[in-house]
Amino acid sequence: MLQQVPTRAFHVMAKPSGSDCNLNCDYCFYLEKQSLYREKPVTHMDDDTLEAYVRHYIAASEPQNEVAFTWQGGEPTLLGLAFYRRAVALQAKYGAGRKISNSFQTNGVLLDDEWCAFLAEHHFLVGLSLDGPPEIHNQYRVTKGGRPTHKLVMRALTLLQKHHVDYNVLVCVNRTSAQQPLQVYDFLCDAGVEFIQFIPVVERLADETTARDGLKLHAPGDIQGELTEWSVRPEEFGEFLVAIFDHWIKRDVGKIFVMNIEWAFANFVGAPGAVCHHQPTCGRSVIVEHNGDVYACDHYVYPQYRLGNMHQQTIAEMIDSPQQQAFGEDKFKQLPAQCRSCNVLKACWGGCPKHRFMLDASGKPGLNYLCAGYQRYFRHLPPYLKAMADLLAHGRPASDIMHAHLLVVSK
């Protein structure tokens, strides 16, 4: 009998709408993935594939563990509420009393009262894409017709709050917004947002090989390429995070939860929970496309990183395959010497392999493009992280660090 349960913890994120989206955000790396399925124009997950995903994912999970379903795109709301009602019903059918959770990333444009009532009823955690105030958000996040989307997203945010849906806000940090950290942060706080994640936008223009597949953006690899005009500069990303951290630690500890800070604290105290790109290895978070194809990672949806198909192979076969094992282990094995001797290695771990397309000081490939920014950020944090860890160890809340006699922000 084929092995059903993978050897170690894992996660499978679904993209039921494929790359289909109702927006045309300039910096999106996934819209163009439709080129990979040109021979099969249907890009929405059908009932058979949905059932296979739910059934196989639950079967592959240890009985004592929560089964965490994540729905992303493209834009997952394009499938309509009926699709997710069926997904929840299938989870109940195959879950047999298991603890099951759902999270959902959306641009928010199609959310209405009916959607939000459903999301609240079934305890979905919603990730809403919002880049900050209108002048920042609307620069790159536009409709197919090029119209701004900020008002539509703010309407969605209001609806999520009205229906008490658990949500966080996902903020893409681009070349423009990186220069306005407090404008972005304060706008979100003023809008009532409590959970925030900052995502650096880094993309390169396609080389000839990638362009032949109909793609405009560079595939991951160690070849340097021309950056897109919206890609954040490394030093500015570091300064962006430091500015927000300094602002947060003076007034918002225990009130606003910035995932980039949470991950840094987890690594500092040796706790689980840090994001994959700041772990020594990766490869345990795969994605399933609309037709059941499984890929090594959300950022590696390219033919050479396809692991198989949910209709033909078990999750265990694919995620424990030699190909995927090597993919995950290479995150550490291919670290250049400069990273291995770096004093923030255990905070950074080289970042996401997708961004390792620079040469290190000795001319060796594999240095993360964001290295300078990560160094700035991770070298700034330790005194504060230690102070918060000490407070917690003595039974005091981390928010006590905001008291004037404990807080000295470096200049």
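Even glycines carry a Cβ here, placed using N, Cα and C.
Taken from Swiss-Prot, the feature domain 'Radical SAM core' applies to 3-250.
The [4Fe-4S] cluster 1 binding site annotation in Swiss-Prot covers Cys21, Cys25, Cys28. Around Cys21 ([4Fe-4S] cluster 1 binding site), the same-chain residues at least 6 positions away in sequence with a Cβ under 8 Å from its Cβ are Cys28, Tyr30, Leu31, Gly73, Gly74, Glu75, Leu78, Asn107.
All protein chains considered, the CB of Asp298 (active site, proton acceptor) has 17 other CB atoms within 10 Å. The feature active site, proton acceptor is assigned by Swiss-Prot to Asp298, with similarity to another entry given as support.
Secondary structure at Cys371 ([4Fe-4S] cluster 3 binding site), taken from DSSP and collapsed to helix, strand or coil, is helix. Annotation comment: Swiss-Prot describes Cys339, Cys342, Cys348, Cys371 as [4Fe-4S] cluster 3 binding site, evidence class similarity to another entry.
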Roughly how many angstrom lie between the C-alpha atoms of Cys348 ([4Fe-4S] cluster 3 binding site) and Asp298 (active site, proton acceptor)?
20
Cβ-Cβ under 8 Å from Cys342 ([4Fe-4S] cluster 3 binding site), same chain, 6 or more residues apart: which ones?
Cys348, Gln375
Using C-alpha positions only, work out which of the binding-site residues Cys25, Cys339, Cys371 is nearest to Asp298 (active site, proton acceptor).
Cys25
Whole-number answer please: how many Å between the C-alpha atoms of Cys371 ([4Fe-4S] cluster 3 binding site) and Cys25 ([4Fe-4S] cluster 1 binding site)?
26
Local Cβ density at Cys371 ([4Fe-4S] cluster 3 binding site) - other Cβ atoms counted within 10 Å:
23
Around Cys348 ([4Fe-4S] cluster 3 binding site), how many other C-beta atoms are within 10 angstroms of its C-beta?
20
Looking only at DSSP and grouping its letters into three states, which state does Cys339 ([4Fe-4S] cluster 3 binding site) belong to?
helix
